[in-house]
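Presented below is the structure to which this report refers.
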Amino acid sequence: LTGVLDDCLCDIESIDDFNTFKIFPKIQKLQERDYFRYYKVNLKRPCPFWADDGHCSIKDCHVELCPESKIPVGIKAGSSNKYSKAANNSKELEDCEQANKLGAVNSTLSNQSKEAFIDWARYDDSQDHFCELDDERSPDAQYVDLLLNPERYTGYKGPSAWRVWNSIYEENCFKPRSVYRPLNPLAPSRGGLEFDGLFSWTGLCLEKRVFYKLISGLHASINLHLCANYLLEETWGKPRWGPNVKEFTRRFDPIETKGEGPRRLKNLYFLYLIELRALSKVAPYFERSVVDLYTGNGHEDAKSKALLLDIFRDTKSFHMHFDEKSMFAGDKKGAKSLKEEFRLHFKNISRIMDCVGCDKCRLWGKLQTQGLGTALKILFSEKEIQSLPENSPSKGFQLTRQEIVALVNAFGRLSTSIRELQNFKILLQQTR
């Protein structure tokens, strides 16, 4: 892969160098810090689109949940929107605020009416979200230590996995007219109509092209992780994980994929650029003194924030960012309608992640989708971020701790994908 990417003015070689020498080592360290390693997720939410077809019974599909005793006290104490030191200092203050919110309306309200007000507030908060967020107060939402549950090949495949990706591409994605995708092998053959040797963007505007590339790039990144962390052998209970060149070739080789593999990898680079741009745009939000990455350990929290701000400095120094202002730049009414369509399509995709039958795949699918959704939320909130107050929380733009953790880890996964791609290039040269 070489040269300039479509729909932006950035070349692959520049991204490779920037990621290898600046981003990758720092983002790896950041992901190991307590604030970013614990992610609260509900893996029991039912699939909203079709009857559950059973969960993966392979042992590598299992997710090791984290006992409450292991979670840093500052993370446990915070609610979804409050992650700074000040917000965690007083539980009484929080209870009082909640009582005032409900009591100020009418002290004679029925419980049903009070619930309605909470639902309305939740609805208002969700209007800028590109993802269906898990309710962290649900008894089914539990903490997971991401370092103890690495994303890798679990053996989850077949009709269940096909159904998820087909639903994403065929029902929820703006698609080029001719793009080869291997469909469910159990479904009736569609003959020679799947691929005609041409890749046509006819009828797709920039915004819809971007949407397709983001989903394709996410898919490519996930496939790269599975190829790079593959179960190579298991002897006497000691599994050996590592890169599988044969699997990588099957998924990305131009001949094996009828020319589609290299395009998938280019879409991975495009997705990296989008999330990189979001990180550079959200920096002012975190540069404020009012925001702490609070776990309860002041010294460690300060180190985490310093490392995050260092990464932001690197992202802002990159000189070939994607220009998001080129999107939704038409007439106001049409642009608003297209943006809402864009948001709802992506929100639907985030809901499809609850249909993944393998718990570990579901965990990483939800996290990476939420990370991308958070990046989109940032890119579409530039004015709100620029007008943030220095010493108080903002009502115009907020990030929950879950969104912050997902944003950093999702970008960390993309950084790892591009690094792994370099390793596969070397391995392929050695096998020739």
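Just so you know, glycine gets a Cβ as well, placed from its N, Cα and C.
As annotated by TrEMBL, disulfide bond applies to CYS56-CYS61 (among others). CYS61 (disulfide bond) has a Cβ environment of 18 other Cβ atoms inside 10 Å.
Taken from TrEMBL, the feature FAD binding site covers ARG152, THR154, TRP165, SER216, HIS219, ARG251. Counting every protein chain shown, 18 other Cβ atoms lie within 10 Å of the Cβ of TRP165 (FAD binding site).
Sequence annotations record features per position, and here TrEMBL assigns disulfide bond to CYS358-CYS361 (among others). The Cβ of CYS358 (disulfide bond) has 23 other Cβ atoms within 10 Å, all protein chains considered.
Sequence annotations record features per position, and here TrEMBL assigns active site, nucleophile to CYS358.
Neighbours of CYS361 (disulfide bond), defined as other CB atoms within 10 A of its CB across all chains, total 26. The active site annotation in TrEMBL covers CYS361.
On the backbone, the CA of CYS358 (disulfide bond) and the CA of TRP165 (FAD binding site) stand 14 Å apart. Of all residue pairs in ARG152, THR154, TRP165, SER216, HIS219, ARG251, the annotated binders of FAD, the farthest apart have Cα atoms separated by 21 Å. For the pair formed by CYS61 (disulfide bond) and TRP165 (FAD binding site), distance between Cα atoms is given as 18 Å, rounded to the nearest Å. Cβ neighbour count within 10 Å across all protein chains ranks SER216 highest among the binding-site residues THR154, SER216.
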